[in-house]
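Quick notes on the structure that follows.
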């Protein structure tokens, strides 16, 4: 294809691979409290408290802290009937003293009775297919007979059907949450420790829900290694397409760790799938306070262009042409403007590449000469000011345009 030909091609005619706009996979809408999950809604951010649910006061406070900083859905662990009943009091206190925060109950080992109780108090129940009907693995086993497989499937249906029916009756949601590290022994024998085994674990439960005409379902396929997680979600989307299902996906890299590496792992896994159009809600899992997960989640969503909830800063890496201490100035600009939302602000070290590279920014701060800063609105240079007045002059420019709000 020649350069002349490419000039006449509309971006809509190009493959999705070359589009600069993410085209989300079309999924059905599932309501979790007042938050919608699905392609008709923004990608939702969620997290999980690490308090013992029996500590009602601490759990209520932890949920509120997360919600106040932007966590839209909060999960809590429910390992027993006592915990399930405690959730009812937690929800009551939230509604009475704060807001009705969308809550998800995490139910694992042989959790039918727990799920039936906690479904009264939460907006969504999460079950793990690998642990739902659980028995300790037999190290001497070499295979599963057809009769054993049939018996296990029947037990799953008998235990799962009451949960589906109660969620359906209450118009609540279900997450079928597969973890790579906890596949059922039967699945490991049949498919190995593979993404395909994860997909089949989920699809078994999806088909049961479909047979009961229950469709308030969200699906997750989490693994601690991004390549496994990526393969599992892609396979899951393909499997659903093949069988005519369009349930939303909850993305996450489980056990991502802490610090920079934990954030990088989560970003690689979650961000990659989002750019492919997969994912309707996300959770960044860090071995840190849950509150630290929320800014990372919103940063991922903003980076890929799906939600804009903060200032987008554009700044060059600095070089020998830089006319001021770029790192120091970026920090000052951020301190002065980080409370704003929806703006793009560029800080560039010199005029060689600065104006061109910041062309899409709302405002620009560019080194013009020794001790001189040029301020831009879009592509237009507005004024030159001494360097020591640059940040305050930028703030005044934003104010004059009516785009400033006080912190």
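Note that Cβ sites are derived from N, Cα and C of the backbone, with glycine treated the same way.
Per Swiss-Prot, the features are as follows:
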type: BINDING; residues: 316, 319, 350, 357; note: [4Fe-4S] cluster binding site
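When secondary structure is read from DSSP and collapsed to three states, residue 319 ([4Fe-4S] cluster binding site) falls in the coil class.
Look at the binding-site residues 316, 319, 350 and count other Cβ atoms within 10 Å of each Cβ; 319 has the fewest. There are 16 other Cβ atoms within 10 Å of the Cβ belonging to residue 357 ([4Fe-4S] cluster binding site).
DSSP assigns residue 357 ([4Fe-4S] cluster binding site) to a helix.
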